[in-house]
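Participant: Next up is a structure, given as C-alpha coordinates.
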Amino acid sequence: GKEVVAANTIIAILTIGGQQLFSFFTFSCPCHVGQNLIYGLAFLGVPALILLVVGYALNNQTWRLVTGKRSPLEEKTTPNRLLQCKLICFVLCSITGRALVAPVTWLAVTLINGSYYVCAMSEYVSVYYYGANPNVTASERRRMLAVFPCSQLVPPELSRVRDEVILLLRYQSQVAGWLLIAVVVITVFLSYCLASCFSPLSFLHFRYWSSYVHNEQELFDEATDQHSRLYAMQHVKKFFGFVPGTENVKEIRIPSLREWQAISGLAFLKRVDKEHYDYSLLHDWALKEPANGKYLKTGEDT
(Lines of atoms letter the chains of each structure in order from A and count residues from 1; the text may use other names and numbers.)
(Lines give C-alpha, C1' and ligand atoms only; values in the text may rest on other atoms or scores of the structure.)
Protein backbone atom coordinates (compact mmCIF):
# COMPACT_ATOMS: atom_id res chain seq x y z
CA GLY A 1 0.00 0.00 0.00
CA LYS A 2 0.89 3.67 0.13
CA GLU A 3 2.27 3.30 3.66
CA VAL A 4 4.70 0.61 2.51
CA VAL A 5 5.90 2.69 -0.44
CA ALA A 6 6.33 5.76 1.77
CA ALA A 7 8.23 3.76 4.41
CA ASN A 8 10.53 2.20 1.80
CA THR A 9 11.19 5.62 0.26
CA ILE A 10 12.12 7.10 3.64
CA ILE A 11 14.41 4.14 4.38
CA ALA A 12 16.13 4.53 1.01
CA ILE A 13 16.65 8.29 1.48
CA LEU A 14 18.05 7.80 4.99
CA THR A 15 20.37 5.08 3.70
CA ILE A 16 21.67 7.33 0.92
CA GLY A 17 22.32 10.15 3.37
CA GLY A 18 23.99 7.80 5.82
CA GLN A 19 26.20 6.34 3.10
CA GLN A 20 27.41 9.79 2.06
CA LEU A 21 28.27 10.76 5.64
CA PHE A 22 29.84 7.36 6.29
CA SER A 23 32.06 7.66 3.21
CA PHE A 24 33.08 11.23 3.97
CA PHE A 25 34.09 10.66 7.58
CA THR A 26 35.42 7.10 7.67
CA PHE A 27 36.56 5.76 4.29
CA SER A 28 40.28 5.95 3.57
CA CYS A 29 41.76 3.33 1.26
CA PRO A 30 44.97 1.78 2.69
CA CYS A 31 46.55 1.56 -0.80
CA HIS A 32 48.47 -1.58 0.13
CA VAL A 33 48.61 -4.98 -1.56
CA GLY A 34 46.20 -7.47 0.00
CA GLN A 35 44.55 -4.86 2.22
CA ASN A 36 42.66 -2.92 -0.43
CA LEU A 37 40.36 -5.82 -1.31
CA ILE A 38 39.51 -6.63 2.32
CA TYR A 39 38.97 -2.95 3.20
CA GLY A 40 36.85 -2.17 0.15
CA LEU A 41 34.67 -5.27 0.43
CA ALA A 42 34.24 -4.68 4.17
CA PHE A 43 32.86 -1.19 3.51
CA LEU A 44 30.64 -2.57 0.76
CA GLY A 45 29.34 -5.68 2.50
CA VAL A 46 29.40 -5.23 6.28
CA PRO A 47 27.10 -2.15 6.44
CA ALA A 48 24.74 -3.88 3.97
CA LEU A 49 24.66 -6.98 6.19
CA ILE A 50 24.01 -4.87 9.30
CA LEU A 51 21.19 -3.02 7.54
CA LEU A 52 19.69 -6.35 6.47
CA VAL A 53 19.69 -7.67 10.05
CA VAL A 54 18.22 -4.40 11.33
CA GLY A 55 15.54 -4.60 8.64
CA TYR A 56 14.53 -8.04 9.88
CA ALA A 57 14.66 -6.96 13.53
CA LEU A 58 12.49 -3.86 13.03
CA ASN A 59 9.74 -5.75 11.20
CA ASN A 60 6.91 -6.83 13.50
CA GLN A 61 6.13 -9.73 11.18
CA THR A 62 9.53 -11.27 12.06
CA TRP A 63 8.63 -11.48 15.74
CA ARG A 64 5.07 -12.58 14.94
CA LEU A 65 6.60 -15.44 12.93
CA VAL A 66 9.09 -16.67 15.54
CA THR A 67 7.54 -15.82 18.91
CA GLY A 68 6.10 -18.75 20.80
CA LYS A 69 6.87 -21.38 18.16
CA ARG A 70 8.27 -23.71 20.82
CA SER A 71 5.14 -23.47 22.94
CA PRO A 72 3.30 -26.80 23.51
CA LEU A 73 0.03 -24.98 22.78
CA GLU A 74 1.35 -23.93 19.36
CA GLU A 75 1.97 -27.54 18.39
CA LYS A 76 -1.61 -28.53 19.25
CA THR A 77 -3.18 -25.68 17.28
CA THR A 78 -0.98 -25.97 14.16
CA PRO A 79 -3.14 -26.41 11.03
CA ASN A 80 -2.26 -28.39 7.91
CA ARG A 81 1.54 -28.61 7.65
CA LEU A 82 1.72 -27.89 3.92
CA LEU A 83 -0.52 -24.85 4.26
CA GLN A 84 1.55 -23.68 7.23
CA CYS A 85 4.79 -24.01 5.21
CA LYS A 86 3.30 -22.03 2.32
CA LEU A 87 2.19 -19.28 4.69
CA ILE A 88 5.61 -19.13 6.37
CA CYS A 89 7.34 -18.89 2.97
CA PHE A 90 5.00 -16.10 1.89
CA VAL A 91 5.59 -14.13 5.10
CA LEU A 92 9.36 -14.68 4.89
CA CYS A 93 9.38 -13.35 1.31
CA SER A 94 7.41 -10.31 2.43
CA ILE A 95 9.75 -9.66 5.37
CA THR A 96 12.85 -10.16 3.22
CA GLY A 97 11.54 -7.77 0.58
CA ARG A 98 11.13 -5.03 3.19
CA ALA A 99 14.46 -5.85 4.84
CA LEU A 100 16.37 -5.66 1.53
CA VAL A 101 15.42 -2.03 0.83
CA ALA A 102 18.20 -0.49 2.92
CA PRO A 103 21.07 -2.91 2.05
CA VAL A 104 20.29 -2.85 -1.69
CA THR A 105 20.16 0.96 -1.58
CA TRP A 106 23.50 0.98 0.22
CA LEU A 107 25.11 -1.33 -2.36
CA ALA A 108 23.66 0.58 -5.31
CA VAL A 109 24.77 3.98 -4.02
CA THR A 110 28.27 2.80 -3.08
CA LEU A 111 28.74 1.12 -6.46
CA ILE A 112 27.59 4.23 -8.31
CA ASN A 113 29.93 6.31 -6.14
CA GLY A 114 32.75 3.94 -7.12
CA SER A 115 35.25 4.71 -4.36
CA TYR A 116 34.93 1.38 -2.54
CA TYR A 117 35.13 -0.67 -5.73
CA VAL A 118 38.14 1.31 -6.98
CA CYS A 119 39.93 0.65 -3.70
CA ALA A 120 39.06 -3.06 -3.64
CA MET A 121 39.88 -3.90 -7.27
CA SER A 122 42.73 -1.54 -8.23
CA GLU A 123 45.50 -4.16 -7.89
CA TYR A 124 43.61 -6.67 -10.08
CA VAL A 125 43.35 -4.53 -13.22
CA SER A 126 44.54 -6.26 -16.40
CA VAL A 127 48.18 -5.66 -17.33
CA TYR A 128 46.97 -4.23 -20.63
CA TYR A 129 45.76 -1.12 -18.84
CA TYR A 130 49.03 -0.75 -16.97
CA GLY A 131 50.91 -0.32 -20.24
CA ALA A 132 54.37 0.10 -18.72
CA ASN A 133 57.64 -1.81 -18.58
CA PRO A 134 56.96 -5.48 -19.45
CA ASN A 135 59.93 -6.54 -17.33
CA VAL A 136 58.10 -5.57 -14.11
CA THR A 137 57.23 -8.64 -12.04
CA ALA A 138 53.66 -9.52 -11.19
CA SER A 139 54.12 -8.75 -7.48
CA GLU A 140 55.74 -5.39 -8.23
CA ARG A 141 52.96 -4.56 -10.69
CA ARG A 142 50.29 -5.36 -8.05
CA ARG A 143 52.11 -3.24 -5.51
CA MET A 144 52.17 -0.26 -7.84
CA LEU A 145 48.55 -0.75 -8.91
CA ALA A 146 47.48 -0.94 -5.26
CA VAL A 147 48.58 2.66 -4.64
CA PHE A 148 46.52 4.04 -7.54
CA PRO A 149 43.50 4.98 -5.32
CA CYS A 150 45.88 7.30 -3.39
CA SER A 151 46.88 9.89 -5.98
CA GLN A 152 49.53 11.43 -3.70
CA LEU A 153 51.49 8.14 -3.70
CA VAL A 154 51.56 7.67 -7.50
CA PRO A 155 54.80 8.64 -9.32
CA PRO A 156 54.35 11.47 -11.87
CA GLU A 157 55.26 9.22 -14.81
CA LEU A 158 52.32 6.93 -13.93
CA SER A 159 49.70 9.69 -13.55
CA ARG A 160 48.12 9.09 -16.96
CA VAL A 161 48.01 5.33 -16.45
CA ARG A 162 46.56 5.87 -12.99
CA ASP A 163 43.79 8.07 -14.42
CA GLU A 164 42.94 5.42 -17.02
CA VAL A 165 42.77 2.69 -14.38
CA ILE A 166 40.56 4.76 -12.08
CA LEU A 167 38.21 5.63 -14.96
CA LEU A 168 37.97 1.95 -15.93
CA LEU A 169 37.17 0.85 -12.38
CA ARG A 170 34.60 3.62 -11.89
CA TYR A 171 32.96 2.58 -15.13
CA GLN A 172 32.76 -1.04 -13.96
CA SER A 173 31.44 -0.02 -10.55
CA GLN A 174 28.79 2.33 -11.86
CA VAL A 175 27.58 -0.16 -14.46
CA ALA A 176 27.27 -2.78 -11.71
CA GLY A 177 25.34 -0.30 -9.56
CA TRP A 178 22.84 0.54 -12.30
CA LEU A 179 22.45 -3.14 -13.20
CA LEU A 180 21.68 -3.90 -9.55
CA ILE A 181 19.03 -1.18 -9.51
CA ALA A 182 17.53 -2.47 -12.78
CA VAL A 183 17.42 -6.08 -11.54
CA VAL A 184 15.78 -5.05 -8.25
CA VAL A 185 13.17 -2.83 -9.94
CA ILE A 186 12.25 -5.52 -12.47
CA THR A 187 12.12 -8.22 -9.77
CA VAL A 188 9.86 -6.11 -7.54
CA PHE A 189 7.56 -5.27 -10.46
CA LEU A 190 7.28 -8.90 -11.57
CA SER A 191 6.69 -10.03 -7.98
CA TYR A 192 3.78 -7.62 -7.60
CA CYS A 193 2.41 -8.74 -10.98
CA LEU A 194 2.58 -12.42 -10.02
CA ALA A 195 1.05 -11.75 -6.60
CA SER A 196 -1.81 -9.86 -8.25
CA CYS A 197 -2.36 -12.59 -10.85
CA PHE A 198 -2.67 -15.32 -8.23
CA SER A 199 -4.70 -13.22 -5.79
CA PRO A 200 -8.18 -14.65 -5.12
CA LEU A 201 -9.52 -11.09 -4.70
CA SER A 202 -10.49 -8.54 -7.29
CA PHE A 203 -8.75 -5.16 -7.40
CA LEU A 204 -11.30 -3.25 -5.30
CA HIS A 205 -11.83 -6.20 -2.95
CA PHE A 206 -8.06 -6.33 -2.36
CA ARG A 207 -8.01 -2.60 -1.54
CA TYR A 208 -10.87 -3.13 0.91
CA TRP A 209 -9.03 -6.05 2.54
CA SER A 210 -5.85 -3.98 2.91
CA SER A 211 -7.84 -1.16 4.50
CA TYR A 212 -9.58 -3.59 6.84
CA VAL A 213 -6.32 -5.17 8.04
CA HIS A 214 -4.80 -1.74 8.65
CA ASN A 215 -7.82 -0.49 10.62
CA GLU A 216 -8.14 -3.73 12.57
CA GLN A 217 -4.51 -3.49 13.71
CA GLU A 218 -4.94 0.13 14.79
CA LEU A 219 -8.10 -0.65 16.76
CA PHE A 220 -6.51 -3.76 18.27
CA ASP A 221 -3.51 -1.74 19.45
CA GLU A 222 -5.82 0.85 21.03
CA ALA A 223 -7.86 -1.86 22.75
CA THR A 224 -4.70 -3.63 23.93
CA ASP A 225 -3.41 -0.44 25.52
CA GLN A 226 -6.73 0.34 27.23
CA HIS A 227 -7.40 -3.25 28.34
CA SER A 228 -3.92 -3.74 29.81
CA ARG A 229 -4.15 -0.36 31.55
CA LEU A 230 -7.49 -1.21 33.15
CA TYR A 231 -6.28 -4.68 34.14
CA ALA A 232 -3.06 -3.34 35.65
CA MET A 233 -5.04 -0.65 37.47
CA GLN A 234 -6.92 -3.33 39.44
CA HIS A 235 -3.65 -4.76 40.74
CA VAL A 236 -2.15 -1.36 41.53
CA LYS A 237 -5.36 -0.39 43.36
CA LYS A 238 -5.21 -3.56 45.44
CA PHE A 239 -1.59 -2.86 46.43
CA PHE A 240 -1.88 0.87 47.21
CA GLY A 241 -5.59 1.08 48.08
CA PHE A 242 -6.65 3.68 45.52
CA VAL A 243 -6.93 4.19 41.78
CA PRO A 244 -4.24 6.47 40.30
CA GLY A 245 -5.63 9.85 39.27
CA THR A 246 -8.59 9.71 41.70
CA GLU A 247 -9.39 13.01 43.42
CA ASN A 248 -10.19 13.18 47.16
CA VAL A 249 -8.66 9.81 48.05
CA LYS A 250 -10.21 8.78 51.41
CA GLU A 251 -7.64 6.17 52.40
CA ILE A 252 -4.44 4.57 51.23
CA ARG A 253 -3.01 1.16 51.91
CA ILE A 254 0.42 0.77 53.53
CA PRO A 255 2.14 -2.30 52.01
CA SER A 256 4.19 -4.44 54.37
CA LEU A 257 7.89 -5.16 54.01
CA ARG A 258 7.08 -8.72 52.88
CA GLU A 259 4.74 -7.39 50.20
CA TRP A 260 7.35 -4.94 48.92
CA GLN A 261 9.80 -7.81 48.68
CA ALA A 262 7.21 -9.96 46.90
CA ILE A 263 6.76 -7.48 44.04
CA SER A 264 10.43 -6.45 43.76
CA GLY A 265 13.12 -8.20 41.79
CA LEU A 266 13.19 -10.00 38.46
CA ALA A 267 10.71 -12.51 37.13
CA PHE A 268 9.86 -14.37 33.93
CA LEU A 269 6.39 -14.79 32.51
CA LYS A 270 4.80 -17.37 34.86
CA ARG A 271 2.22 -19.92 33.74
CA VAL A 272 -0.49 -20.43 36.40
CA ASP A 273 -2.77 -22.87 34.56
CA LYS A 274 -3.33 -24.25 31.07
CA GLU A 275 -4.79 -21.01 29.74
CA HIS A 276 -3.35 -18.12 31.79
CA TYR A 277 -0.09 -16.45 32.78
CA ASP A 278 1.05 -14.05 35.46
CA TYR A 279 2.59 -11.07 33.67
CA SER A 280 4.57 -9.61 36.59
CA LEU A 281 5.37 -10.02 40.26
CA LEU A 282 2.66 -7.49 41.17
CA HIS A 283 0.18 -9.45 39.05
CA ASP A 284 1.18 -12.66 40.82
CA TRP A 285 0.84 -11.01 44.26
CA ALA A 286 -2.57 -9.51 43.45
CA LEU A 287 -4.02 -12.86 42.37
CA LYS A 288 -2.72 -14.76 45.40
CA GLU A 289 -2.87 -12.41 48.38
CA PRO A 290 -6.00 -11.05 50.15
CA ALA A 291 -6.67 -7.33 50.05
CA ASN A 292 -6.32 -6.85 53.81
CA GLY A 293 -3.48 -5.03 55.51
CA LYS A 294 -2.83 -1.66 57.06
CA TYR A 295 -4.87 1.30 55.77
CA LEU A 296 -4.39 4.96 56.53
CA LYS A 297 -7.16 7.56 56.40
CA THR A 298 -6.34 10.68 54.45
CA GLY A 299 -7.77 14.10 55.22
CA GLU A 300 -9.08 16.39 52.51
CA ASP A 301 -6.23 18.80 53.27
CA THR A 302 -3.64 16.20 52.35
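Glycine is treated like the rest: Cβ placed from N, Cα and C.
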Participant: Could you check which of 6-25, 146-165, 266-285 is flagged in TrEMBL as transmembrane segment?
Facilitator: 6-25
Participant: The transmembrane segment (37-58): which same-chain residues, six or more beyond its ends, come within Cβ distance under 8 Å?
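Facilitator: Here the qualifying positions are 15, 19, 22, 27, 29-30, 95-96, 98-104, 106-107, 110-111, 116-121, 123-124.
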